[in-house]
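What TrEMBL annotates here:
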type: TRANSMEM; residues: 12-38; note: transmembrane segment
type: TRANSMEM; residues: 58-78; note: transmembrane segment
type: TRANSMEM; residues: 99-115; note: transmembrane segment
type: TRANSMEM; residues: 135-154; note: transmembrane segment
type: TRANSMEM; residues: 196-226; note: transmembrane segment
Amino acid sequence: MPSSKTIGQRLFDLFKIVLCSFGVVTTFYMVIELTYFLSVPDYEKLERKSRDRWLKTSWALLTNTALVSLFILQHSLLASLKIKDAFEVYGMKMIYRSLYVITTAGILLFLMRHWQTTPDTILWQLNLHYKPLWWVYAGIHFLSWVIIYIGNICTDVTELLGIKQRYISVFNLPDPNLRKSAQLKRLTSHMRHPSFLAFLLIFWLYPVMSLDRLLLANILTMYMYIAWNTDERDYNYHKYQYERKHFELESLHGY
C-alpha cells in the first residue's frame, strides 16, 4: 500500500530523524565530557599560579557564574509550560525534546570548554596518591554515576532523548503519555533526573576544593533544591509503585 504522505511530509520526517540522531550523539558525548569534568581534577590547571591572584580569581568567578547562569536559564526556560505550550500551538511538539537535549548539551559543552579554574585559592586538597583514599573516592563517584545513569534509563531514557517522540511522530502512533497516570506525570515534572543525593556526592566530594568548584557546587545544589520539588504525595506514589512491583516479582518467583 503506497504511503499517503506528501514529499514535504517525508522530508520533514527525515529532518526529525536527523535532528533526533544528532541530539542523541551530542548528548552521549556531553555525558562523557561531563563525567570527566565533574569527577577528574585537572591538576595541570590547578598548578598554574598567577601574580595578580585576586584579579584573576575575581574574573574567573564572574565568568563561571555567567556560564552556570546561562545553563540554568536555558534549562529552566525550555522546561517552562509556556515554552512547551508554544511548541504545541505551532505544531512543533514532536521536535521539542530533541531541541531541548541539543541546546542543553551544547551549553554544557560550552561551559566546560570555557570554565576557568582558581588555582590560587584552595579550601582543601586530598592526597589521592594514598591508595585507600583513592579507592574510596573513585568508588563513591563511580557508584553515584551508575545510580544517575540507571535512574535515567528507568525513567524512560528514550523519551528523555526524544527518540520515542520521533518514532510515534514518523509512524503516526498515539501519544504514549496518554496512558501515563496523573501521579507519574506529577512525579516526573517534580523530579525529572535522579538522583539528588548522587549529584550532591559528585559536587561536594572532590579532592581539590578550589573556589571555582565551590561556586559550581553551591549554585547547582541550590538549583536542584529549588527545581526538584517533590513532596509527600510523590513519595507515597513512588513507595506504592515500589511495593507493588516488589510483590509482583515475588509472585513470579513463586511460580
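Don't overthink the numbers, they just go from 1 along the chain as shown.
In case you wondered, yes, glycine gets a Cβ from its N, Cα and C as well.
Residues 38-39, 41, 43, 46, 57, 60-61, 64-65, 68-69, 72, 115-119, 121-126, 128, 137, 140-141, 143-145, 147-148, 151 of the same chain sit 6 or more residues outside the transmembrane segment (196-226) yet have a Cβ under 8 Å from a Cβ within it.
Taking Cβ pairs closer than 8 Å, the transmembrane segment (12-38) reaches residues 5, 94-95, 97-99, 101-102, 104-106, 108-109, 112, 115, 145, 161-163, 166, 169-170, 202-203 in its own chain, all 6 or more past its ends.
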